[in-house]
Amino acid sequence: MLKIFRDLLRFNLEFAIGTLIVSIIVGLSVLSFFSPYPPEDIYVVAPDVPPSWEYWLGTTSRGQDVFWQMTAALRNTLLFGIAVAAISRVISLTIGLVSGYMGGMTDRVLMSINDTFIIIPLFPILVLFYFVMRDSMSWALLALIMAALGWAYDARLIRSVAMSLRTREFTSQCIFSGMSPRQIMTREHLPYVLPIVFSTTLNNMNWSIGMEVTLSVLGFTDINTPTIGSMLYWANQHTALVAGVWWWIAWPVIAVMLLFIGLYLLATALNEYIDPRSRLSRMGGAT
Amino acid sequence: MKTYAIYLAKRLLQFVLVVFIGINLTYVISHATPIDPVEQTISALTSFGNTSPEAIETMRESLRELYGMSGTPLEQYVSFWSRIVVGDFGPSLSAFPTPVSELILRALPWTIGLLVVATVLAWLLGNLLGGLAGYYRKNRLLKAMGLIAMGLHPMPYYVVAFVLLVVFGFLWPVLPISGGSGIGVGRGFSFDFISSVLLHSLLPALSLVVVGLGGWFLGMRALVSNIVTEDYVVYAELGGVDRRRILTSYVMRNALVPQVTGLAMSLGAIFTGAIITEEVFGYPGIGSLLVDAVHAGDYSLVLGITSVSIVAVSLAVLVIDLLYPLLDPRVQVE
């Protein structure tokens with residue numbers, strides 16, 4: 001495991017850059033635990049100070065230090081992405097493995113439902129959810145509903161891997177030696193799909209974080225929890241751009257864009273590692 | 001012909017299923033949550049000044065009736081569906097007494113126009129350039145495009161639209177950043193109106209294309225670079241078939257099939273992107289209507305837009321699915 005990681009770092013530039021970016025972001029979010037100000041409090045420093053030695057990234061019109069505010073926001077945003085990814089992985093793994101292994105009618109029914117969740121436009125549904133919940137809307141609730149809606153695409157990927165595993169000889173051997181379908185799926189097939197689960201996790205985080213930012217900026221979440229989205233929401237509320245407080249908007253946008261690129265690069269690098277065909281063509285072996 | 005009929009039946013079934021599950025989802029969200037939209041509306045209406053208890057009671061009754069919240073759960077469910085089927089979502093509260101369906105119908109052409117143009121443009125350009133990049137691997141320009149696509153593809157629609165808004169609204173103000181057409185330009189079939197509409201749609205469309213293009217580019221490049229290694233392509237090359245002909249009718253033609261499926265699969269996400277973009281640029285489509293409806297506390301309008309979105313997107317997916325056999329002859333022959 002560690003050796004794979006080292007090789008990827010050395011030979012795969014995308015993986016190296018992705019790791020670097022994500023480490024920086026994670027490092028920043030860990031710094032939030034050493035913040036001198038509580039992240040929810042406002043008017044703790046002088047408002048509207050441009051970036052300076054005292055306040056590295058400036059301060060907001062609400063009297064918050066942009067740097068420390070951003071570390072807390074990045075931490076919450078990252079945690080949100082991880083929470084959604086973790087919950088939705090459970091659903092997509094179950095559906096994907098069962099559908100791929102069982103085949104036949106089970107597969108058809110599950111995949112029809114699966115495709116439905118891929119096609120349905122999720123944004124209006126999330127907005128409706130916020131509209132109904134209003135003040136009871138919380139960070140955890142949003143993570144839960146996003147996980148319940150955002151598993152389908154990855155379930156399809158996992159199913160395709162599981163389907164090819166079903167025809168492999170070791171699966172027949174498992175059946176003949178009397179293993180139950182549940183045992184085969186969890187003990188034999190699960191380890192094979194784990195790499196692809198990992199890369200879908202990163203893509204799913206990108207999706208959920210993007211959605212969270214969008215919903216927060218529009219004010220459709222719990223805007224008092226500092227996240228990248230709610231930071232931008234408050235900046236827009238105070239018309240930061242018109243007022244010339246550009247640092248309030250620029251830094252979080254740059255940070256979150258870096259995060260998207262970093263996660264995406266890691267995911268593609270992993271995908272490439274999983275699929276040796278594209279690795280070969282990259283090395284110029286099979287053209 | 002028989003296989004096509006089976007294919008058709010399957011697609012229609014899937015369409016019905018998407019609408020069924022989607023609408024049920026909106027029903028569950030709007031009815032099974034602990035928060036009552038009727039009480040929400042009443043508290044919003046009565047927050048300004050005093051209202052007599054009798055008036056509130058009357059209000060509650062009529063709102064229950066209006067929102068389909070009266071009667072047993074079964075009755076509510078049936079009335080919910082019967083409203084959807086005929087497309088009657090009641091009057092809008094924020095634009096009383098205009099019916100919700102009329103508001104949606106007014107906004108829908110803007111969304112569809114923007115969405116269709118941007119999607120088709122992004123899809124065609126992305127596939128063409130991606131195909132070229134997969135086939136001519138050594139080309140510097142196409143390699144650079146791949147890098148740019150890699151950077152843009154993971155961005156959510158909102159961030160891209162927002163950055164474009166900042167660039168063209170504050171740093172280099174050359175394009176209109178809000179609205180659907182110029183103020184004071186009369187509607188109708190005139191040059192002024194059409195050019196104003198096109199100019200206003202430029203930035204929203206650009207941000208949709210910028211995000212969409214990268215995905216199709218990367219997908220097509222990966223597909224093509226796999227197909228290039230297939231035996232029949234090698235054979236065609238050895239047989240001296242013109243390179244351009246290999247690219248178009250041997251490689252790209254085959255790679256397009258999964259890309260069309262991909263288009264159908266991602267239409268929901270693209271629609272989501274379009275309505276977010278609309279909100280950023282104040283484009284008068286479904287997205288802006290939805291956000292305004294939430295801020296105004298207009299329950300019927302939010303519910304109507306959600307339902308119409310689900311039906312519209314699944315209808316569009318159905319259309320793509322029906323055109324699919326034109327591209328993939330395997331659906332038609334046994």
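Backbone N, Cα and C atoms are what each Cβ position is placed from, and that goes for glycine too.
Since this is a predicted model, take the numbers as computed values, not measurements.
Feature annotation from TrEMBL assigns transmembrane segment to A:12-34 (among others). Sequence-distant contacts of the transmembrane segment (A:12-34) (same chain, at least 6 residues past either end, Cβ-Cβ under 8 Å): 68, 70-72, 74-75, 78, 255, 258-259, 261-266, 268-270, 272-273.
What TrEMBL lists as domain 'ABC transmembrane type-1' is A:74-267.
Only residues 6 or more beyond the boundaries of the transmembrane segment (A:78-101), in the same chain, are considered here, and those with a CB under 8 A from a CB of the stretch are 25-26, 29, 107, 110-111, 114, 139-140, 142-144, 146-148, 150-152, 154-163, 165-166, 181, 184-185, 189-190, 193, 197, 200-201, 204-206, 208-209, 212, 227, 259. Residues or ranges marked as transmembrane segment by TrEMBL: A:78-101 (among others).
Residues or ranges marked as transmembrane segment by TrEMBL: A:113-133 (among others).
Per TrEMBL, the feature transmembrane segment maps to A:139-158 (among others).
Using a Cβ-Cβ cut-off under 8 Å and counting only residues 6 or more beyond its ends in the same chain, the transmembrane segment (A:213-234) has close neighbours at 39-40, 60, 62, 69-70, 72-74, 76-77, 80, 123, 126-127, 130, 137-139, 142, 248-249, 252-253, 255-256. Taken from TrEMBL, the feature transmembrane segment applies to A:213-234 (among others).
According to TrEMBL, the transmembrane segment annotation covers A:246-270 (among others).
Panel annotation: around the transmembrane segment (A:113-133), residues 95, 99, 141-142, 145-146, 149-153, 155-156, 159, 211, 214-215, 220-221 of the same chain, lying at least six beyond its termini, place a Cβ under 8 Å from a Cβ of the stretch.
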